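Asks: From TrEMBL, here are the annotated features:
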- A:R340: substrate binding site (BINDING)
- A:29-330: domain 'Aminotransferase class V' (DOMAIN)
- A:K187: N6-(pyridoxal phosphate)lysine (MOD_RES)
Protein chains: 2
Amino acid sequence: MIRERHLFGPGPSNPYPEATRALASPLLGHLDPEFLRIMDETCEMLRTVWGTSNARTLPLSATGSAGMEAAFVNTVHPGDVVVVAVNGLFGQRMTDVAARCGAEVVAVEHEWGQPVDVDRVLSAHPSPAIIAAVHAETSTGVRSDVEALGAGKGDALLLVDAVTSIAGIELRADDWGIDIGYAGTQKCLGVAPGLAPFTIGDRAFERRVEKPRSWYLDLGMLGGYVGEAGVKDGGKGQRTYHHTAPTAMVASLHAGLTRILEEGLDAVHARHRAAGDALQSGLQDLGLELFAAEGSRLPELTTVKVPEGVDSAAVRRELLERFDLEIGAGAGPYAASVWRIGLMGRNARPDAVLLVLAALKDVLGRG
Amino acid sequence: MIRERHLFGPGPSNPYPEATRALASPLLGHLDPEFLRIMDETCEMLRTVWGTSNARTLPLSATGSAGMEAAFVNTVHPGDVVVVAVNGLFGQRMTDVAARCGAEVVAVEHEWGQPVDVDRVLSAHPSPAIIAAVHAETSTGVRSDVEALGAGKGDALLLVDAVTSIAGIELRADDWGIDIGYAGTQKCLGVAPGLAPFTIGDRAFERRVEKPRSWYLDLGMLGGYVGEAGVKDGGKGQRTYHHTAPTAMVASLHAGLTRILEEGLDAVHARHRAAGDALQSGLQDLGLELFAAEGSRLPELTTVKVPEGVDSAAVRRELLERFDLEIGAGAGPYAASVWRIGLMGRNARPDAVLLVLAALKDVLGRG
């Protein structure tokens, strides 16, 4: 029996039907001219959702976490000072990944649920090589002010995790001074997990590590196959084989992006905002308390405190078993005390809001 | 318009219909009990096709090339001597990947098209930490004797690339003494590209790098999520979140493996052998000359010399444009002088043999 789940957790979300259909389309070879066209168009559409004109904008052939690794492994020279704003699990992970690349990590710790304190981060070190932050913390449902970090970064490179923000809230990589960014496909882009949309500007690329520890994620080598060539000569240039691209996943991302840009990026953002606002109001009407700091709440991913005396896991299990409805546990120290409810991509819809509120009300015996 | 291609190149091949259908099934969350069951069963079926009882047998969340990187990054300590048998592009790539991990690489070069010379490889260094070789060289269509390398490896670990051999020809990781192996999904497994089936034995795992340069491919951390837990307690244990698994791809691999094991691994091997034999005879009947050394030819991937005076790329283009039929160029120095024809997974069929021979005959104006 095939289970049909409502994926209202922190991701993956249910893909757009267009993206699912593309996954099952006849497979193309990774050097087929038809596939190269799809790849070029995908890179171009990614530029739009990133808000960038970076030539090197491409889907890496692995999930969002590999995007984080690619970001650091290509830009951290041994001994580089990397200031990391830590206000949740993914900021924490950045410190681990950066340290493995040989960085001298300066972690600026925040209380979870709070946005990044821009002044503290910018003053943490006089001359960092890189300042890194998470735009939308998936672990806490908090948005941070990346634009302000960009305005104050000085000579440092700004490295941003946009896994949960891309195509869900405003993201303007070039205007905000993002030098290196990575994302995932399985959240607001409405595509299955498996690719990491990535962008890197010229300034960061020029400072890159010539021969990074990772062969698979070496941007210097990847440029011969996608992105770079696609921009410079309209895709007519020679493509160099690097690795076999996951062609079905790229075709699916292409379909998801096409769907999003047909609807219009502003309209998609507005849809996420409307769903998030309605959900957050509805949860409070049920007497529940939100976790993320007011004013910094993500519309696409809502965190809510588990009421006193309620067994968090039992509620999630009942939602799954009775209604095929998945919500997420909290992350790290909040595993048992917070729920994470994502209405992302296809699921940023009024009917999804109604359903999750009704299901929670039923299971919690409220109202 | 959707192009339906016959993917008779070196991979990806056309997936089994079961694998395609699974890609488009309703998506599951990466911590859903249903998905964890699918993941556990996938790991168990992978053990069968690898011929191993290794607890740590799992699909890595990236393509086969990332499998190569995971193999070296987790096992090479700085300064370790790594003997690499190089008889094609993928052996060559191993030397690059191993060097980035800090290995002292001893490359044992061979003429392309020839199998690995076991004696030369085993005597290349008195006490290597690792001996690495490619079982089925995708660049040349050659099979090498991994079993003999395993028999003579001594205290070294044997690291094997099985990207093009897995589920196509006999592969018995445990019997042959393979300590670390990686593969891809897009060849004889008959699934789209996007995952790297991986296996590592206890001896290699105990000698692993405690904190490898790669966070994404850190087997010590991955063990908490798949493989290890799946074996040790039947999947009932606590799963630790590491990264979001590409759930659609894993479901597709599960379906492909189920298909293969229903048919029977021996029958699948026999089908590849029959298709390869018929293709290789047919090509010679057309007056073409095979490239790989006799006695070491892979049935699933045939290399054939481009006849004198024939434009290799023009023939491939015509096959694609007139018959939607993809064959591969040669690799590296043989790009223009060799074709690579793969009949892998679903395409290891008598009708595929007929079609590719008839198409080549037509385009070459032979017969």
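Placed from the backbone N, Cα and C atoms, the Cβ positions cover glycine too.
Where the annotation comes from TrEMBL, it is an automatic prediction and has not been curated.
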Asks: Tell me the Cβ neighbour count for A:K187 (N6-(pyridoxal phosphate)lysine), meaning other Cβ atoms within 10 Å of its Cβ, over all protein chains shown.
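Replies: A:K187 (N6-(pyridoxal phosphate)lysine) is surrounded by 29 other Cβ atoms within 10 Å.
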Asks: Between A:K187 (N6-(pyridoxal phosphate)lysine) and A:R340 (substrate binding site), how many Å separate their Cα atoms?
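Replies: Here the two Cα atoms lie 13 Å apart.
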Asks: Might you list, by sequence position, any residue in that chain lying six or more from the residue listed as 'substrate binding site' with a Cβ less than 8 Å away from its Cβ?
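Replies: Residues satisfying the criterion: A:G9, A:P10, A:T138, A:S139, A:G141, A:L301, A:T302, A:T303, A:I327, A:G328, A:A329, A:G330, A:A331.
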Asks: I'm checking region-level scores; what's the whole-number mean pLDDT for the domain 'Aminotransferase class V' (A:29-330)?
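Replies: Looking only at the domain 'Aminotransferase class V' (A:29-330), pLDDT averages out to 95.
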Asks: Could you say whether, by DSSP, A:K187 (N6-(pyridoxal phosphate)lysine) belongs to a helix, a strand or a coil region?
Replies: coil
